[in-house]
Every structure is written in C-alpha cells, then in structure tokens.
Amino acid sequence: VNLVTADGSIDCLDVPESQEEHVAPLHLAEAVTALKMLTQGGSFILKMFTMFEHTSVDLLYLLYVCFDELNVFKPCTSKPGNSEVYVIAKGYRRPDGIDAYLDRMFANLSSTKAMFDLATLPEDFVEQVHRCAYMFLCFQQDVIEHNIHYYRKVDSEEEQKLEWVKSQMCRKFFDVYRIKPIRPSEAILNGVDIVNGSVNINPRDHTGTYNERSTNSSLSGDLKRKQLRDKLKNLTLNKPRFNPRSKLNDRPFGPRKPCHELISLSCGKTIETLYSSKFATLSYVKFLSEVIDAASTWNVLPKDEPRPPLFTLTRATYTLKIDIQMYAALTSYNLYEKELFRVLLKSITELPLQEGIDHLIVENWLPLTQFSVGLVFFLKTYVFDGVECTSEPPILLKFYGLKTDGIASLQHLNEGLQSEDSRESPAKTVLGIVPIRLLFDGGFYYALLNYNNRLCLQYCSELLGK
C-alpha cells in the first residue's frame, strides 16, 4: 500500500471543550493501522484538530520519526471556522522493530498516559509544534470573531459582497483544479441515484443551546421521559423519506449468482452493543440507544415475575414476533442475531407446506447490521420469491413463496456459519454473509432505510409508553 488516508471523527458537539481528548484514541488507531499497512516510501494523510494535548504531540512525533517529511495543512475547502487540519506524512521509513512497537500501542489505545517522555522530545520539534498550533489557533480565532461581527451586524451590502466573493472562489476552484463531470459509464456508485436519491444518514439534528443539551443529559425519571417523548414527536414529524417508490423486493443490478457462489462470509470482532448503523438514519439509532438506556431504569420487571420470551411464533398466521421490551434488555447483540438466525432456520424448515403455508411473517425485526441486512437479502433472494413490508404498526416483514430449493439454500448457509464460527475465537464471529456492495445496491437500500427508520421510532414509542 503506497497511500493511506484517514479522516475519521467523533461527534463532540456535546463536549466541545474536550474534542481533542475524545478523538485521540481514534487518531492513534488510524495512525497505527496506516503504519502497519504502508510500504517503505509510502505516504499517509491524517485528519486532526487542535494540537494542544500530549496525545497530539506524541502522535506527531511518532510520525516525525517514521517519515522523511511531515506537514500540517488546512485545505481551502475546509471550513475556516473549525479546527480541522490535515497531517501529510511522506516517505515512510519503516524503522526496524516498528511492528512490535505498533502492536503494543494498539493494545493500549485507551491509555491516558503519554506515549513519550517530554524530556526525550527534541526542543526544536516541540517548538515547531507550538508555532504550528498557535498559527492555526490565530486563523480560527480571526474567523470566529469575523463571523460574530457579521452575525450581530446585518448589512445587505456586505452580504451581497460576501456572496460575490463566494461565487468567485467557486469559479476559481473549478478552473484551477479542472473540475468536470464524468461520463455515466465511469460512475463507481453502482445502482445509486445520485441526482434524485442522495442519502445523508447523518444529518445535523442537534437542537437547543449547549447549556440546554447539557441540562437535558442530566435529567432523570418523569422529566427525562417527557424530554424523550418530545424528541420522539419531533423526529416523527421530520422523518426523512428516501426514494419513496423503492421496495425491499427491488433486485440488484447484474445477473443473479447461484447461492453457493454468492455467500461470502466475513468475520471480525463480536458486536455486543449497537451504537451506529449504515442502514438507518444515525440520529434514529442513537436516539433508540438513548431510550433503551433510560427505559432500563423504569421498565424493570419484578424478580419473581417471569420474563416474556424474546421470540414468539404464532402458528395460526405463521408470524414470528420479536418482543421490543426484551430486545431493550439484550446484553449481547451478537448472541441475539445468531439466536434469531437459528429461530428463523427452525421456523422456515418447519413450514406446514401441506397446509398451503409457504410464507413467514416477522414482526418488529430491526436489521441494523451487515449480518442482519445480509440475512434479509439472502431470504428474499434465495429462500423465498420475495418480501414486502407494512408501513403502519405492527410493522411486519412478510417473506412469501418458499422456493423449491429455499430450505436447501438456507441449510447451506447454516453449514457455512457453523464451520466459520468453529474456526474463530470466542472474541470473533461472522459479521457478514453476502458481499456488502449488494446491500447498498438499487432500491433495496433506500427501502430498507425507510423501513428501519419507521421501526426505530416504533421501538422508541413502545419503550417510552403512553
């Protein structure tokens, strides 16, 4: 690998005073990963923010000794009012023994101790970091003061002048960097409608001032429940719709491969708790996590009262229901997903085909991971003729028309999962069952976003109660 770019970040809007400390483990993990991947002579670009803490100085020094050239740069397309900068490291030296050192650092990403003793850092290097940090601080301060000035002073003439400057800058940027449209055949986002179906699953939805958000985060009891209900009402009213005509049954582009050729098992660290997803609007997933955390304090079952089952199969309609209250009490998301797969396998295998029942309805299935979404895709493509969903509560997924080789395909997948899990350590598991590009292809992805968003709100509504 000759070039690695890393521009990860963490939402620190509620802790603006400690952004640098919050993102430090992420930046270190990105740097360690890059140094493990790069070939000698390679380059690394890392997005950072302020450089006031020892974590940033240590990271810069690590890159300083590993590369021939190190620069800190803020591109013209970066918003001038934020502290975002890019560290450009060129000419990787790959020092002897670096791999063992990187392994130790990766095992201690969350450590708050300094990586290097300050006394061992060259004075010239520390002085350069100080001048660099101070220069970007001054730039940011000037822009913030400029913005405050124009926020307080409404001047139509100045606004027109600013708009003219912005338009000229845009023209200049397009001219200098020769920005031109590409031919449709050169598009790499296969199946995505860029013009009519742009997807932003992480819109800025923070409301209120910083002090108001801080106060809300410390609420408890009935006040917390009221605050969450108000937020739920707001999210419901402003719920986005992505390509409304898209359906879960939409097929991916290109020819369909046989089942055994399509299955592609990918493994990784087990998911115990879910905080994020590419298959729903991120603010909805975060809100659901917030509601689950809060509901755990007021939805407590008495010790002597039996817990309802997580999965219930009603054979009259062949509906498999997932209990939302029990979902909120999960201690391991990985175990839940694997148990759900086993329940689905058993339910489908035992379908009473002789009674004319060749479908399975699943109520409250919220597929938010690559594994779960891949399973929905697999079921509707290789086990059943198709799938449809309801738009109003109860929110259902109905898989209909069991294929003649559907159970055999499902058994083939099950054998692959069991074989892979037996080879992996307890800390690892199967995270995906089909190539991930298929899950973002065409209308299926848009329909899944709409379905998951509705169900996230339904989960929150039931957990918050009337």
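Cβ from N, Cα, C; glycine included.
Nobody curates TrEMBL annotations by hand; they come from automatic prediction.
Note that the structure is a prediction, hence the values are computed from the model and not measured.
Feature annotation from TrEMBL assigns domain 'Adrift-type SAM-dependent 2'-O-MTase' to 1-94.
As annotated by TrEMBL, S-adenosyl-L-methionine binding site applies to ASP7. ASP7 (S-adenosyl-L-methionine binding site) counts 11 other C-beta atoms within 10 Å of its own C-beta, drawing on all protein chains shown. Under DSSP, ASP7 (S-adenosyl-L-methionine binding site) is assigned to coil, being neither helix nor strand in the three-state scheme.
Residues near LYS47 (active site, proton acceptor) in space but far in sequence (CB under 8 A, at least 6 apart, same chain), listed by position: ALA6, ASP7, GLY8, SER9, GLU84, VAL85, TYR86, VAL87. TrEMBL lists LYS47 with the feature active site, proton acceptor.
In the three-state DSSP classification, LYS47 (active site, proton acceptor) falls within a strand. Looking just at the domain 'Adrift-type SAM-dependent 2'-O-MTase' (1-94), the mean pLDDT is 92.
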